[in-house]
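Peer 1: Got a structure for you, written out below as structure tokens; questions coming shortly.
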């Protein structure tokens, strides 16, 4: 027995020595992100994945659950209860996107000067509360205001792309974004299941209509999650590296957190820099990003609002429609993870994005060209699969290719303006059932434009990378140091000579 205890003690001491040697080695050695990850980095990355990603994933889940509930509620009689005509219903949808467009850039700036826990926690509580308050409204005007406020509050969720870009390196970003954004098609699927149960079992219970129960059941858990996020969401990496947090207390982990965020082409404690706004506005790639990010985002927005409506026009009754609306979301969830894993693994976000947009184009062609129910459902699945994976790849490709926090934030804000303008268009074009030629046709055209913009962007960054490689080789051949290398990414943004764009 003594021998066993001694062996166990020796093994423990050996493990501690190995861990201490690794930590000391990590401290003495400069961080190298070109080789395989150390055990310490693998452990840190796993910890980030189990702490940060669930917080953001469930935030997005509730955001898209509350966003899309209006489409399911319409099938339950919300439009009839308010005595709205189709034009008024489309205006209710539109107000959400107006609020979203107004809120995104201010929240991106607020995130930098405040704490992520407060920004995300309080806004989750807010959009859950505003969504739940739809139960008590009795007028069309009040519903318009509430949907506007839901949109403003949910805009904060989009800054999660910026937040993640500080915690993860560019070649880790797409898959992690897929994990948290993958909750959006799941939200669509769950919304269909919840709506099915509510429509079948809760109409008239305790004096509430079934669509009112839908807002209650989906809104209250949202607020509860917001409270949790406000309490536990980690701060920015440089703050955690300096002060620690309840999840990251070890000194070696905190040191590695700072090294990783710098390796991700970030500058610790970056401030809002006005000159970067002008640099961003002059960069043609941001305007191209507006086209190629907004295209799949438009499909996601249209699906959230109208998928139950046009699946019903395939020939299904309202109750069956709630169930059949799950199928495209299920396909989208699978495709999303496959595409984002491939983009990170092969380091080819642009090519995978082009593939996803091509799949969505194929889906719209099917929706426009046939009346066969199976083919129509296949077209709906193609559109969803390409769109949900495409919007993640497009957004991360854009965020990963801008140096300087302010320039990155401006890029995200401009892209959001494109997205919300497109989404507003989507609320006004699905007006002629059963085939919805106008709606599908407009989306087909805009997705095709987005596809061409992605191809153009890939060509531009490939050319810029080649020019910088040639510049670096020229200085090396002359035995000189490029004087601009002494500047930081916050000073030169992605025009820094050491900056290489993610393909």
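Cβ coordinates are placed from backbone N, Cα and C, and glycine is handled just like the others.
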Peer 1: Between 1-37, 38-74, which stretch does TrEMBL give the note region 'Disordered'?
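Peer 2: Of 1-37, 38-74, TrEMBL gives region 'Disordered' for 1-37.
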Peer 1: If I go by TrEMBL, the feature transmembrane segment sits on one of 308-325, 326-343. Which?
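Peer 2: It is 326-343 that TrEMBL annotates as transmembrane segment.
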Peer 1: May I ask which of the stretches 44-65, 144-166, 326-343, 375-397 has the most CB pairs under 8 A with the transmembrane segment (437-461)?
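Peer 2: Ranked by Cβ pairs under 8 Å, first place goes to 375-397.
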Peer 1: Where among 44-65, 178-199, 211-236, 375-397 do we find the most Cβ pairs under 8 Å to the transmembrane segment (144-166)?
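Peer 2: Selected stretch: 44-65, with the most Cβ pairs under 8 Å.
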Peer 1: For the transmembrane segment (211-236), which recorded stretch in the set 118-138, 178-199, 350-369, 409-431 gives the largest number of Cβ pairs separated by under 8 Å?
Peer 2: 118-138
Peer 1: Top stretch among 118-138, 178-199, 286-306, 350-369 for CB pairs under 8 A with the transmembrane segment (326-343)?
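Peer 2: Out of the listed stretches, 178-199 contacts the transmembrane segment (326-343) most.
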Peer 1: Take the transmembrane segment (375-397) and find every residue of the same chain, 6 or more past its ends, with a Cβ under 8 Å from one of its Cβ atoms.
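Peer 2: Same-chain residues near the transmembrane segment (375-397) but 6 or more away: 161, 173-174, 177-178, 181-182, 184-185, 289, 292-293, 295-297, 299-300, 303, 307, 310-311, 314, 324, 327-329, 331-336, 338-340, 343, 349-350, 352-353, 356-367, 415, 450, 454, 457, 502.
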Peer 1: At a threshold of under 8 Å on Cβ distances, which of 44-65, 178-199, 286-306, 350-369 pairs most often with the transmembrane segment (409-431)?
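Peer 2: Comparing 44-65, 178-199, 286-306, 350-369 against the transmembrane segment (409-431), the winner is 286-306.
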Peer 1: Are there at least 3 C-beta pairs under 8 angstroms linking the transmembrane segment (89-111) and the transmembrane segment (178-199), leaving out pairs fewer than 6 apart in sequence?
Peer 2: no
Peer 1: In this predicted model, what is the average pLDDT of the domain 'Major facilitator superfamily (MFS) profile' (52-465)?
Peer 2: 87
